[in-house]
Amino acid sequence: MNQIQVFISGLILLLPGAVDSYVEVKGVVGHPVTLPCTYSTYRGITTTCWGRGQCPSSACQNTLIWTNGHRVTYQKSSRYNLKGHISEGDVSLTIENSVESDSGLYCCRVEIPGWFNDQKVTFSLQVKPEIPTRPPTRPTTTRPTATGRPTTISTRSTHVPTSIRVSTSTPPTSTHTWTHKPEPTTFCPHETTAEVTGIPSHTPTDWNGTVTSSGDTWSNHTEAIPPGKPQKNPTKGFYVGICIAALLLLLLVSTVAITRYILMKRKSASLSVVAFRVSKIEALQNAAVVHSRAEDNIYIVEDRP
């Protein structure tokens, strides 16, 4: 009877070891992942190994890294590191730049002196690709650029949105139809609001100065935003500067041409005056010579008998 009790007690003690239990760890592709493994050093520092697959009866199969308790003595790849305090019992394995092929079972085996005293922990690693996240979209707001007197803008819907509610209970089904007819909206630069309620579906608008947003399924709100200050156009200023420079250059050329024309005219006028004076002097000299010759002829005629 006592032997049967001892046998049953032994089976109960061995039963947990016969069931495989894994510690699940998840990682992301391209990021480091750490498999935690520690042991108590109150009995002293001992050797530890990491391997791929389940822990065998002794040592590690497909060894990745090995430590003697003070430092790493074997390292299969630079991607496998022990970044904890090894001498304090922290032998956690860190896999750098993890990939999907790193997924699988890993064994951390701490060798403790004695029969079947080794500390064995099996990890199940799952490395999945990173899921891209999209930033939330925000509704855009358009501001009208035209300013001045108020203008009237009317909108016309191309369809009549309807909503049908059907009851699946025993009473007869009921149908509710919502109809929206847009009314002309007066748009002012300083205060303009237009509200539309009772629209079951989203109704976009294409005219400037309004933004349509739907908070839920059964109501829409259309709001017109007053125009802001018109933005300056640098291209327009550039063209204005070019036009001013061209006008200044044309004015300078015209001034030079007019000045030169006036100087040439004055020079030609002075030359004509000098020529006129010279011709006048020559005429006077010729007249004097003719007059003297006439007097000589008179004297000659008078001397004859």
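Note: Cβ is positioned from N, Cα and C throughout, glycine not excepted.
Of the cysteines CYS37, CYS107, CYS108, CYS188, only one is given by Swiss-Prot as the disulfide partner of CYS55: CYS107. Looking up ASN208, ASN220 in Swiss-Prot, the residue bearing an annotation of N-linked glycosylation site is ASN208. Ranking the disulfide-bonded residues CYS37, CYS49, CYS108 by the distance of their Cα atoms from the Cα of CYS55 (disulfide bond) places CYS108 first. Distance from the CA of CYS49 (disulfide bond) to the CA of CYS107 (disulfide bond) is 8 Å.
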